[in-house]
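Here the structure is laid out as structure tokens; the discussion comes afterwards.
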């Protein structure tokens with residue numbers, strides 16, 4: 001017979017208030033208490049919205065308006081559960097109740113579904129590297145990988161390989177921006193020689209001279225092309241559903257993108273690590289060189305590479321930044337968090353929604369309750 005689980009911790013209102021006064025952000029749902037201090041700056045609605053509810057019951061906020069929280073958001077909340085609110089016998093104002101009467105009861109149909117996360121009973125052993133384990137999940141993999149958790153991930157047994165699989169955010173601009181500057185300067189100088197022609201490999205008579213004045217246009221075109229590549233890779237490669245009977249394709253999916261959906265706030269896995277990124281960058285450079293004149297290919301590539309850097313920086317900020325309410329990045333953050341927690345089959349644009357508009361994969365807007 002399995003041992004009974006340990007009793008939940010309990011706190012009086014006075015104990016909760018002391019923690020709030022010390023700067024913590026605790027909230028409650030009925031009598032259940034949650035410490036969201038570490039999540040405040042990640043909240044898609046902004047820090048202030050969450051801080052304003054410190055010490056309060058958030059049951060109504062979970063159901064909206066303005067936003068009805070998804071099942072995954074409610075599961076996410078349970079990872080921050082710390083205990084129950086209990087009556088303080090020395091405080092006569094509580095009248096023997098640990099929480100106001102209207103918040104004592106919770107929906108019995110919902111409660112079991114979003115119980116406290118039990119890491120010991122998960123489908124994988126979180127004390128061991130995950131990569132080899134996920135391949136054995138089979139049909140359970142897709143549902144499991146789209147139920148995010150608030151903890152870091154380890155993929156490999158080897159410390160060396162593990163180190164190559166993650167990185168800090170600032171490695172991206174440090175490594176790639178100097179290359180963008182060098183390529184831009186080098187290929188601009190090549191354009192100034194006035195001997196670059198398009199279609200010269202097919203016909204000299206109808207080939208087009210590429211003047212230096214088109215440098216900016218080619219560079220911006222490269223950035224625009226990157227936004228399309230970003231969208232296509234995210235939608236069709238990262239969000240492919242691997243066959244449930246393919247151990248290795250499941251592992252490949254988890255390495256490419258599944259790990260990010262499982263642990264969306266693992267800061268060491270939010271941007272593309274330099275070693276695997278170098279392989280992909282080299283592929284795109286060689287591909288462009290094969291189909292275009294060297295200078296044209298190089299300028300397009302430099303623009304695309306800068307587009308990639310901006311994409312990775314934007315992606316990191318959407319997870320860890322706290323943009324001003326109403327700003328472009330605020331709306332993009334809300335859009336991207338919905339992609340993680342509720343709409344995994346839409347909202348594939350990270351740096352822009354342009355291609356979501358074009359291919360009709362926008363995340364549906366929630367109806368304004370004031371208009372109903």
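Placed from the backbone N, Cα and C atoms, the Cβ positions cover glycine too.
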Considering the Zn(2+) 1 binding residues 234, 239, 257, 261 given in Swiss-Prot, which of 136, 157, 339 is annotated for that site as well?
339
For the feature transmembrane segment as recorded in Swiss-Prot, pick the matching range from 268-288, 352-372.
268-288
Of the ranges 192-212, 213-233, the one Swiss-Prot annotates as transmembrane segment is 213-233
Stretch carrying transmembrane segment according to Swiss-Prot (options 290-310, 311-331):
290-310
Residue counts for the domain 'Cytochrome b5 heme-binding' (8-86) under DSSP, helix then strand then coil, are 33 helix, 16 strand, 30 coil
What is the pLDDT of the domain 'Cytochrome b5 heme-binding' (8-86) when averaged and given as a whole number?
84
Residues near residue 340 (Zn(2+) 2 binding site) in space but at least six apart in sequence (CB under 8 A)
72, 148, 261, 264
Counting only residues outside 260, 315, 319, 336, 340 in the same chain, those with C-beta within 8 angstroms of the Zn(2+) 2 site's C-beta centroid are 264, 270, 318, 337, 339, 350
For residue 257 (Zn(2+) 1 binding site), what residues in its own chain, 6 or more apart in sequence, show a Cβ-Cβ distance under 8 Å?
234, 237, 238, 239
